[in-house]
Every structure is written in C-alpha cells, then in structure tokens.
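Student: Dropping a structure here in structure tokens format, bear with me for questions.
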Amino acid sequence: MKLSVYGKGGIGKSTTSCNISVALARRGKKVLQIGCDPKHDSTFTLTGFLIPTIIDTLQAKDYHYEDVWPEDVIYRGYGGVDCVEAGGPPAGAGCGGYVVGETVKLLKELNAFDEYDVILFDVLGDVVCGGFAAPLNYSDYCLIITDNGFDALFAANRIAASVREKARTHTLRLAGLIGNRTSKRDLIDKYIEAVPMPVLEVLPLIEDIRISRVKGKTVFEMAETEPSLLTVCDYYLNIADQILARPEGVVPKDAADRDLFSLLSDFYLNPPKQTTEAIAPEALLV
C-alpha cells in the first residue's frame, strides 16, 4: 500500500506522517517513509537527525545507480520505520517532481520499492504542481492534513482537485481529511458538506505534539517515559487502523475557488447563532 500525505505548508504534515508511520509499524507492518521536500526534514522525528538525501548520494556517485547500495540511502528510524529523504534541487532551480521520480527509480533499482507493506510519501506544502503531484502517480490513497481554518481548507480543496485529476488515469482515491491542532471542527464540517469526503480523525491542539517535533522524537517514543501521552498515540493508531482496513475512499469533487471562498468567508462573516435555553422570568428576579 502506498500513501501520499499533503496539506498546507506548516500544518504539521511531517509530524503527523512520522506518527502514522510508527502506528502502522505497531500494527505489524513494514513501513518506509519517503520525505519529498527539499528541506529534507520529513523523517527528523523518526531518526533524530537530518539523514543524507537521495540526490546528495547520487551526486556523490556521479549518478551511477549501480554504485548505490540500500544502506547508502535507507536509514532505520524509531519503531523499525525505514526512512528516505528525496532532497531537492538548489533553491530557485530545477524541479522537485523530477527528484521524486529519481528517488522512486533508484529504490526500484535497489529492489527496495516492493519490499514494504506500506510506503508513505510526505510531500511539501500545498503547491500541487505537476512535479510535486508526482507521488500521487504511485499512491493508492491520499491523506490531506488540515486544521479548522480558512487557508488550510482552501489548500485542501486544491489538493482534492489534484487527486480528482490523477484518479482519471490512476487507481488513486482520497482516504480522507485529518484535522490537526484544532479544538473545533465546525469549518471542516462546513467544507465537507459542500465537498463530501471522510474525516479520518481530528487531533486537538496538544502542546506535546509540537514539542515532539523540536525534540526529534515521535509521540510514541516520548510516551515511553510519559505514559500520559499514550492517549495521544491512540489518535494515530486509529488513523492507521482505518487505512489498513483499505477504505473505499472517494474521488473528490472539489469546489470552484470562488464558490469555496464565498462558503468559507461567509462562515466568518455570518457565524452560526449560538442557541441558548430560554431563561424563566422569575430566574431574573433578585
């Protein structure tokens, strides 16, 4: 099974991806996480350091694929999750999508691409150009990370449009949304009324999740010394269980940009009225 994780930049994709990868491993699956971001920090919380990238390794070998060994590019992370960082071209030059293609090509050359039960692509930002939409070509499911805000849902809608386009020629489906760092889901619910799709989980704003990123650890690893975090791990295990059940998924029908803008902005301009219970007149007497 191959998964692609997308979402607005800074929404917590890498932190979420790493914890989902560990959750899948806890369910007995052999997992490979591939970071598809020039920052090459997707797997930081799994390995605790910035691992060398595929592109760095290929450049050092003058792009002689036959001189590259699995141990040159695949690093073992926490929980037995294997990690790869695609890397990227220099800033302002080249195509990141090309790098993703080279990464898949190399892993196939190493006979590593088919050795895993689950491969998870963690893809940068919300700019789903043809290049960075490349992981969708290899994926069975797309997961979109969002919060309860306007910008993240607007980005989610653009990603949904990319999934719909890729699904024309690939067996790709949208598994659903994952709400992250949000105490509410009212705007998410408003969006999925207009654009029907599953919501796999909504994670509240938990400071320990943010801290885990800074520490270079997954929540699962932190829970080994802080048992109170086991309840947080359950969120990710729930997501893993839903994915492993191979959901039917959807081919989303994204909303037109202007329609979505009106829908989401109207939610803020004309918020739903709070319903309050009627107060008996005698209760007002002092």
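Backbone N, Cα and C atoms are what each Cβ position is placed from, and that goes for glycine too.
What Swiss-Prot shows for this protein is this:
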{"type": "BINDING", "residues": "GLY10, ILE11, GLY12, LYS13, SER14, THR15, LYS39, ASN180, ARG181", "note": "ATP binding site"}
{"type": "BINDING", "residues": "SER14", "note": "Mg(2+) binding site"}
{"type": "BINDING", "residues": "CYS95, CYS129", "note": "[4Fe-4S] cluster binding site"}
Student: To the nearest Å, how far is the Cα of LYS39 (ATP binding site) from the Cα of CYS95 ([4Fe-4S] cluster binding site)?
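Tutor: Their Cα atoms are separated by 14 Å.
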Student: Drop a 10 Å sphere on every Cβ of the binding-site residues LYS39, ARG181 and tell me which sphere holds the fewest other Cβ atoms.
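Tutor: Taking LYS39, ARG181 as the binding-site residues, the minimal 10 Å Cβ count falls on LYS39.
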Student: Taking GLY10, ILE11, GLY12, LYS13, SER14, THR15, LYS39, ASN180, ARG181 as the record's ATP-binding set, what's the max Cα pairwise distance in Å, rounded to a whole number?
Tutor: 22
Student: Quick one: among the binding-site residues GLY10, GLY12, which has the most Cβ atoms sitting within 10 Å of its own Cβ?
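Tutor: The residue with the densest Cβ neighbourhood is GLY12.
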Student: Work out how many Å separate SER14 (ATP binding site) and CYS95 ([4Fe-4S] cluster binding site) at their Cα atoms, rounded off.
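Tutor: Approximately 21 Å lies between the Cα of SER14 (ATP binding site) and that of CYS95 ([4Fe-4S] cluster binding site).
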Student: Going by C-alpha distance, which of the binding-site residues GLY10, GLY12, ARG181 is nearest to CYS95 ([4Fe-4S] cluster binding site)?
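Tutor: The answer is GLY10.
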Student: So how many other Cβ atoms are close to CYS95 ([4Fe-4S] cluster binding site), meaning within 10 Å of its Cβ?
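Tutor: By my count, 15.
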Student: Look up SER14 (ATP binding site) in the DSSP assignment and reduce it to helix, strand or coil.
Tutor: helix
Student: Quick one: give me the count of other CB atoms within 10 A of the CB of SER14 (ATP binding site).
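Tutor: For SER14 (ATP binding site), the count of other Cβ atoms within 10 Å is 23.
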